[in-house]
Amino acid sequence: MDEFTEHSSLVHSEITGNHEDIPSNDKEGNRNSFVLVLYTGGTIGMCSQNGSYRPVQNYMNKTIRRYPMLNDQNYLTEATKNTDMSYRMNKSADFRQSYFVMPGLANNCRIFYNIVEYSQLLDSSNCTFDNWVQIAHDVKSYFDDFDGFVILHGTDTMAFAASTLSFILENLSKPVIFTGSQIPIFEMRSDGRDNFVGALFLAGGGYDIPEVGLFFQNKLYRGCRSVKKSSVDFDAFDSPNFPPLAELGIDIIIHQSRIFHQPLNKRPLRVQNWLCRHVAILRIFPSITTRNVQEFFTGSLRGVVLQSYGAGNVPSARTDLMLLFKEATERGVLIVNTTQCYKGGVKAIYETGAALHECGVIPAFVRCKTLTRLQKLNFDLTDFILQDMTPEGALTKLAYILARFPDAEMAKQVFLKNLRGEITIPADLNPDFDVASYPEPQPIPREASIDTVSVTKELTEIASLYYGNVFYLQAPHQEWSRILLPKLFCEAAVKNDTHSLQLLSFHLDSFEGRDYNDQTALHLAAYHGNEDAVEFLTISGADLWAKDAKGRTPLMLAFSSANKISFKIVRCLGAFLPFASGETNCAPWSLEQRTKISNSLAAQGNIYKLRLLLGTGASLNVSTTFFFFLL
């Protein structure tokens, strides 16, 4: 677990907007929309004191209420005259809140917005994966209550933050827009007002932008394509390898053809809880020493973004460096080749770039042999540019994928996919696809099992057909895949096949697929005592509280099965989580359930599992337990 960054355990307030009490349209027929603004910190909300800018708690909320260009107090008073617009707060909340309404209309929408301020405002230079996973969970917690989200963030690491949320917010169907400023919003000269208003318009204006974006100086960039280019200009951000998604001038122009829609975006939002921290950036420079590179690759490093010269070139005459790269990739380290140049990508048009491919570095190009789906469509492919990612995008993508896929080869194959529009695939490799031209999938025999179906090859094809970014199945085939994949996932758990679980987990929106006994994959892995599968599923976020048809959680099923289980399994399944008598939803089992299990084990004479049960801190000193007699 030390290899991953776990999301913050801070407790947040429950924000429940009484949106149903507000008419869906105003008196003029304009639609009301609702935006949640998460103020995490940054220059935009700072106050000038003694000649310097500093964050002041609740300063932004109080001050915005006095600015008519940011809040129409008269309209808000009229709209809420007979409505309770307040939000309930928990005493231990991490948020403070206010409610505002924009004075103008955006795309015939009246935008109500709530500013939620973190109790500890973050300096973006101090931000880590922990903070960004926490922000993603806050978005998920209130996702159904709002039409869009604006995240106010410091500019120093905003590109990293936007890239991270682009990947960990899976199945995103609403806009999540980062913005900030170079000068605080309340200063006479400030870029903050335009940035804030523009972000609100794009998040709440009813535009179909289901992406994580970064809005600055009247342009909306894709989050995982953005970079900070200036520390002094108002035009501080750019997307060098992909044009803006939207531009705000006299008119608001939304470039719909550039919007990236995640496949099947009606699936529920999911947050990837963990990011691999063992990733780094290595920038090649003339006369770089072998010793420095050697020390760089020591330790627990799992992924490297290599910033090479020009179109992906390295000093190929340096056989010492080439050997170090090769040794690292053979150990399972993923090395991704990107360019040091501000604009452009990398490709193997020179010998000095092709040398990296021979060392096992993830190439700047992908040969047609690796594109199985395109091969079957009889495309005549040559090598093509793939890695035009930003350093921020490449690093966060590595952290995201390595957390999901411990297997290096599987992680490498997934990295080559275009997940969020972070890489450019030429138009000639992304033609209009006719489903009828693709061969019908062969029926799987009724008696087929995980042994007779090659998961690592055949299932990859099935999954990529259903969930791929380029090709889509028609409704009957979608339904077929939707039924098949969860069943195979459960079967892989029974077989303790973590490789197949890794592959499938990338294509499933949740781990809640059930078998005929209404049991999840975690139920089945726990029942069979499959330690590796249990560990993988729990780390990946499987539900410890899920109950089968008989009301049993995976932990209860593990103790009640005839199969041997380990201490590691019961720990992963939450045996040490606290609970109170009668509270069945705060732990994978209640006191009453634990007592029943101990009685059953005692009656069976199962000393091994009773000792395990005692090791969880359970008190077995109950009148109906025969534990001490058996000892």
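Positions of Cβ are set from backbone N, Cα and C atoms, glycine also.
Per TrEMBL, region 'Disordered' is recorded for 1-28.
As annotated by TrEMBL, compositional bias 'Basic and acidic residues' applies to 17-28.
Annotated domain 'L-asparaginase N-terminal' per TrEMBL: 35-257, in sequence order.
Around the Cβ of T155 (active site), 22 further Cβ atoms fall within 10 Å across all displayed protein chains. Look at TrEMBL and you will find T155 tagged as active site.
Here TrEMBL flags 278-415 as domain 'Asparaginase/glutaminase C-terminal'. Looking at the domain 'Asparaginase/glutaminase C-terminal' (278-415) alone, the prediction's average pLDDT is 72.
The repeat 'ANK' feature in TrEMBL is assigned to 517-549.
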Open item on the list: Helix, strand or coil by DSSP: which one applies to T155 (active site)?
Closed with: coil
Task: Helix, strand and coil residues within the repeat 'ANK' (517-549) as assigned by DSSP - done: 16 helix, 0 strand, 17 coil
